[in-house]
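To start, the structure under review is shown below, and the notes come after it.
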RNA sequence: GCCCGGAUGGUGGAAUGCAGACACGGCGAGCUUAAAACUCGCUGGCCCUCCAGGGUCGUGCCGGUUCGAAUCCGGCUCCGGGCACCA
């Protein structure tokens with residue numbers, strides 16, 4: 001068989017396999033640590049460092065399609081450019097391997113999730129290996145590895161064993177809090193002395209402080225998945241993010257993370273991060289900070305009415321519009337509000353309108369009926385009639401503290417128990433929802449903010465509420481307070497001050513963010529390192545007992561339970577292994593019987609901190625060595641909070657992974673385990689690769705590869721099909737795998753094509769025909785260097801001509817800047833342009849050939865390495881200096897000259913840098929705009945000044 | 001409803017002072033018995049043309065700023081994304 005030197009699929013495959021093996025053997029992509037087991041004597045640890053990361057993949061059984069590696073290729077190109085510009089670059093990829101699909105597969109087949117997951121990881125590694133990604137494989141971690149999740153559990157214990165000290169503004173060890181209680185420096189919540197409390201009472205008090213705590217509260221129960229879910233995992237229409245199953249509220253005892261303690265810091269620190277504005281905005285909205293006030297309304301005892309016990313009650317409301325308190329004409333409690341039953345009188349007050357009673361004989365009956373009606377609504381239904389206002393009168397009245405007015409109290413489901421205090425003051429004139437409710441129930445409205453449009457001040461004549469943050473307050477004066485004439489923000493301040501003086505309220509801040517529900521009733525996750533003693537008190541396992549490995553069970557299936565029955569809890573898979581659950585342990589006070597926690601952690605846990613483990617993956621004593629962590633991630637110029645230099649991934653994790661990881665980072669920072677207060681300094685969201693979906697007349701997708709185009713229409717065989725743009729995937733029968741592209745053209749072509757398709761951050765369709773364009777580029781480049789019959793080189797040992805030199809240095813300059821800015825598509829266009837230039841010349845000077853090879857090396861590393869080798873070099877392009885443009889050739893051939901008339905710029909001229917003054921003068925005077933501007937005025941003087949300014953003084 | 005982002009040839013997209021780089025597709029030619037995963041040329045519309053070139057319109061729509069606008073400003077239209085009874 002004769003050897004061929006034509007760059008085709010076979011040769012590309014040969015080159016790629018050869019160099020991949022070489023790089024692996026040489027450890028080419030290993031990044032040294034400054035110390036520890038991954039340190040070396042290459043001296044590279046002394047270089048400026050860069051830590052580049054991808055969002056690591058879930059090892060799905062479906063394998064990769066070409067959309068998955070888009071980000072991995074981008075970070076690889078960027079990392080290679082950094083290596084070639086003298087950086088010590090840490091780039092690797094692990095696997096986020098706990099999660100539902102493997103468990104669902106186990107339910108169906110009985111295969112242990114570990115077995116299927118590890119097989120999937122193996123397949124995915126093989127797929128990724130073909131792409132020639134320059135990863136430091138020593139640092140690749142997998143979240144299901146006990147050596148890894150040992151530290152996930154360890155971090156959980158750090159969080160469990162700490163509390164948020166509001167005064168210090170940071171987390172501290174729980175032992176400090178105990179010491180404060182013991183010394184009396186801090187009073188116990190219920191006013192008793194710490195020493196008098198039983199162990200269970202102490203545990204309960206501390207549970208109110210711990211950053212990880214168990215609580216009994218309404219949670220999102222998803223029967224379809226057999227587990228509870230975090231708020232972030234439930235979509236706006238009340239379904240599970242994964243699987244799209246309905247979600248119901250149910251009261252269950254679950255573990256939570258006190259992420260709300262960090263709301264302000266999570267919000268404020270966004271400012272220092274180099275993240276897309278859209279993601280920052282999503283996080284800001286999710287945290288949902290609103291400044292306002294708590295206002296106490298008194299509901300006086302109804303004389304002799306047994307229902308409210310004959311005592312006064314105080315109901316606190318939260319509002320951001322305390323300035324409109326004088327406009328509050330009624331009050332609303334959420335149906336679940338705990339004071340509803342206490343305030344309801346036995347009978348309707350005299351003169352209650354029939355429309356307010358819902359047709360019921362007494363208030364208690366009316367409220368019971370209303371509760372039943374709203375509770376039966378699932379979140380989906382509640383969403384459907386979101387705008388329709390329903391409610392019922394409680395029969396009670398509250399006193400508006402500003403003017404002493406008696407206002408009716410309603411129950412309505414447009415007020416949510418989970419936000420603020422679960423009660424509102426209703427100002428129908430200045431709130432759209434209150435306006436709608438007041439209209440429906442014929443409640444009075446009072447205008448207290450002067451409308452800035454022509455609607456007048458009688459709300460009865462309005463079509464909607466008047467909402468403005470920039471208007472004047474009117475008709476708002478009461479005992480000790482006058483707001484009239486103030487603007488909204490001044491009125492808010494004055495009202496807050498008054499509320500605080502009178503002791504009927506205070507300025508407060510509310511957040512939309514809720515604590516993170518952290519336990520799942522599933523098997524395939526990290527077990528909690530928690531045991532309960534006979535009194536039900538939770539104890540942390542000592543570090544020496546970590547990792548707490550997942551026990552074996554023989555039935556992985558989730559169970560549903562009866563949410564109606566308050567005494568039941570969902571059965572957890574881990575509880576099925578009795579020997580594992582019931583244990584005798586010595587936690588320091590002798591062997592005792594304990595029961596293990598049988599929930600598992602959500603699959604976000606492993607991804608909350610994996611960047612840290614990449615740094616020091618073999619360390620068995622610590623999560624990460626502090627010196628190594630500071631080296632790669634510590635605060636530095638322009639990054640006061642530290643973090644990874646570049647993190648690339650999809651935008652779908654905006655309020656999930658990206659929020660959780662920031663939270664864990666801050667806890668670890670507070671407790672002194674890391675120097676970086678933020679995990680990811682710079683974030684980049686890559687777009688999606690879309691693909692055409694072809695559907696037959698019944699709407700079913702047909703395989704995209706079997707569709708033919710004829711006269712602008714598409715046919716599957718003889719059947720016409722429709723075409724639309726959609727996600728790439730198995731179910732839509734349009735997936736293209738990297739393997740098939742590699743087989744047809746090679747990995748370098750795939751890499752180039754993915755990078756050349758368009759800007760990295762926008763979604764764009766995969767065009768199967770267009771891939772060949774990048775293949776042709778590589779073929780032309782190959783032929784410019786290699787003699788296809790002998791395998792020798794065709795480059796000539798002569799200096800490039802002037803035009804070529806200029807083209808070359810322009811390309812070097814542009815490509816370098818494009819790569820630094822992640823503009824890979826334009827970088828490729830510039831390389832192509834230069835390559836086309838020399839192709840047309842027919843002869844390629846060695847200097848140009850070598851430049852081309854180095855320029856393309858980050859994008860197409862295999863062919864670059866091969867060509868570099870064939871050009872007679874024995875070193876690797878990987879650590880070669882990237883070409884540097886000679887500024888002499890990059891300067892523009894023309895400069896801009898400004899023409900002014902009466903000191904005003906009238907025109908700009910592109911002229912040669914060395915143009916003579918007299919010539920410049922005549923060009924300026926010949927310019928049509930200049931001639932027009934001068935008109936008949938004539939010219940008195942033309943002054944040409946350095947650098948190039950033509951000043952024309954009209955006569 | 002509110003908040004973001006976008007609109008440039010047949011297609012993906014370049015371009016912050018020469019609109020359409022680079023690529024696909026298309027057309028024409030070459031090589032070839034034949035082919036293309038080969039090579040070369042042309043390829044926004046309209047018009048003129050002595051075939052060398054030239055003119056003119058043109059970046060979703062309307063208006064503005066500017067010597068000059070795809071780019072900046074104001075107002076629309078359409079598309080994509082996020083949030084949504086959060087007081």
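Using the three backbone atoms N, Cα and C, a Cβ is placed for every residue, glycine included.
TrEMBL has this to say about the protein:
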- A:55-157: domain 'Methionyl/Leucyl tRNA synthetase' (DOMAIN)
- A:284-500: domain 'Leucyl-tRNA synthetase editing' (DOMAIN)
- A:554-575: region 'Disordered' (REGION)
- A:727-731: motif ''KMSKS' region' (MOTIF)
- A:730: ATP binding site (BINDING)
- A:803-916: domain 'Methionyl/Valyl/Leucyl/Isoleucyl-tRNA synthetase anticodon-binding' (DOMAIN)
Around the Cβ of the residue listed as 'ATP binding site', the count of other Cβ atoms that are within 10 Å: 11
Contacting positions for the motif ''KMSKS' region' (A:727-731) when only residues 6+ beyond its ends and CB under 8 Å are counted: 62, 65-67, 688-691, 701, 766
Residue distribution over DSSP helix, strand and coil in the domain 'Methionyl/Leucyl tRNA synthetase' (A:55-157): 58 helix, 6 strand, 39 coil
Assigned conformation of the residue listed as 'ATP binding site' - DSSP reduced to three states: coil
Helix, strand and coil counts within the domain 'Methionyl/Valyl/Leucyl/Isoleucyl-tRNA synthetase anticodon-binding' (A:803-916) (DSSP): 64 helix, 16 strand, 34 coil
